[in-house]
Amino acid sequence: MSLENKYNLKSPGVKRLMREARELAEPTEEYFAHPLEDNLFEWHFTVRGPPNTEFEGGFYHGRILLPSQYPMQPPNIILLTPNGRFEVNKKICLSISGHHPESWQPSWSIRTALLALIAFMPTPAAGTIGSLDYTPEERQALAKKSKKWECEICGKIADNLSSQSKSTLNLTHEEASLIQQIALKAEDDTTNKEMCNKPKDDRKIKTTIINEENTLRQRGVSQSCENISEPVADVFMETEVSLNPRTIDQIFTVVMWAIVFVIVLLVGRRFFFLN
Amino acid sequence: MGDEMKNSTEESTPVNQDELILAQQRQIEKEISESIALVGELEPISSLNREYSNDEVYLEKIKDLSSKYKNIRRTRPDGNCFFRAYSYAGLERLLDKKDEFKTFYKQAEESKNVLVSLGFQQFTVEDFYDTYMEVLKRIGDIVEVDDAKKTLHYLFNEQGYSDYMVVYLRLLTSGQLQKEQDFYSCFIEGHRTVADFCHQEVEPMYKESDHIHIIAACAALNTGVRVVYMDRGNNKSVTEHDFPEGCTPSVHLLYRPGHYDILYP
């Protein structure tokens, strides 16, 4: 079924997304985004790593999840290509730097979000949730690797962007100053589930929202995620290196059982000695 | 033992209290918003009594209020109440005065270009503008005033349309502030430019309105408003304030700390 028949075209939110889909239909050199064939509220995008930075030459792919109340609520961006700046498979929100996520403005758009993402990539991670602080060398290596990265739905992402040599970024003055103000930050899983409104199920949106456990496990090392539709947990299994509270728990349990075992052994030995 | 360990690690990581409070606040807001219509039905002023059944100060003031106004129309307290109430009441009144409605419509038609010339993104402004004009056209085309009012009420309770009306009025207000920023900059607290203030306090949804929002919105729509203040203050009567000062107000709003409802004389 085509998107036109599936959604209530009278709904301003749907109209808005249709409009944005038309506006972004042509790939530019810097970015490309399109709604999934069967879901207007989930988009995939590709951005080119900004030139003269450690992301130069890289192609970064991800998902955009639009809440049912878009554009009143901000979209969530999820990067899928390992990049060394943002954790992959983690929801990132837009807001004005230093302000709370409700500073999202309905007059911003998916284009604004992508421009802000490109502009925000080279900024220091500074310990923000969802940010990674890789060295320039590591980021360069990931940028190089990203050229071969493929999305199950969109194919080889490096081919998604237009290859015109001339820049097509025509920023208005307003946009240019705007995107400098926008910050991208991941949701803090423990405190603000409501912060980025999740899309409702009423439009059959298969958002596969990454559950908390997975995002917890993911904290630590970034990894290549080749297959986006696989359950996320599988991908992270082998990559867990850092000690999060869960692994500490496990270690303690093991140590405890070991101690109990030794005590039982000693008591038993004493018992047998007495006999 | 595992649990203890977990607790201690949680304590050692600084929990962001602000965000916790915000999350809780959002939850409360959500509950409220689900229980109150975006714009309610007409009710007598005396319906306020039941909210303050044990409160002498307020009961006294409601008595005073009912000597001046017959009815009240409640709006959802979601931070957009001023914009929603003001825009609804303004349009409702215009439906009775076709000539004024035409002037208003014309002015609204031109407003998009004003915003674009001020540097707003054409693409998104157009989106809100189109819906705003669609609503004006739909209610303006209905000959029977009562039917038009019903349609207005229906559209303002459709979340999509209603919020789009709020956004466009927020944009117009922001445009007005930026157009006359020399004047408005004196009223802005902290070291913020008018543009910053607009981006942070006017354009985002759910941001509550202050005097400065009201003054700018009135100037943008060329519609005066009387705000009737009802709070715990010592005087026995309610306080009235007209924006802009000295105008003949066409819209009357009741302000109780943090919230605006519509009043009808």
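Cβ coordinates are placed from backbone N, Cα and C, and glycine is handled just like the others.
No curator has checked TrEMBL annotations; they are predicted automatically.
What TrEMBL says about this protein:
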type	residues	note
DOMAIN	B:70-265	domain 'OTU'
ACT_SITE	B:D78	active site
ACT_SITE	B:C81	active site, nucleophile
SITE	B:I215	site 'Interacts with free ubiquitin'
SITE	B:Y229	site 'Interacts with free ubiquitin'
SITE	B:D231	site 'Interacts with free ubiquitin'
SITE	B:Y255	site 'Interacts with free ubiquitin'
ACT_SITE	B:H259	active site
SITE	B:Y260	site 'Interacts with free ubiquitin'
Exercise. Want to know which recorded positions, from B:D78, B:I215, B:D231, are within 10 Å of B:H259 (active site) at Cα; which are they?
Worked result: B:D78
For this session: Would you mind ranking the recorded sites B:Y229, B:Y255 by how many other Cβ atoms sit within 10 Å of each Cβ and giving me the lowest?
Result: B:Y229
Problem set entry | Those recorded sites of B:I215, B:Y229, B:D231, B:Y260 having Cα within 10 angstroms of the residue listed as 'active site, nucleophile' | B:Y260
For this session: Give me the Cα-Cα distance between B:Y260 (site 'Interacts with free ubiquitin') and B:D231 (site 'Interacts with free ubiquitin'), rounded to a whole Å.
Result: 12
Exercise. Just how many other Cβ atoms lie inside 10 Å of the Cβ on B:D231 (site 'Interacts with free ubiquitin')?
Worked result: 13
For this session: Would you mind listing, in sequence order, the residues at least six apart from B:I215 (site 'Interacts with free ubiquitin') in the same chain with a Cβ closer than 8 Å to its Cβ?
Result: B:F243, B:P244
Exercise. Going by C-alpha distance, which of the recorded positions B:D78, B:Y229, B:D231 is nearest to B:Y255 (site 'Interacts with free ubiquitin')?
Worked result: B:Y229
For this session: Provide the number of Cβ atoms within 10 Å of the Cβ of B:C81 (active site, nucleophile), excluding the reference atom itself.
Result: 25
Exercise. Given B:Y229 (site 'Interacts with free ubiquitin') and B:D78 (active site), what distance in Å do their CA atoms have, once rounded to a whole number?
Worked result: 19
For this session: Write down the Cα-Cα distance for B:D231 (site 'Interacts with free ubiquitin') and B:D78 (active site), rounded and given in Å.
Result: 19
Seminar exercise, completed: Within 10 angstroms of the C-beta of B:D78 (active site), the count of other C-beta atoms across all shown chains comes to 19
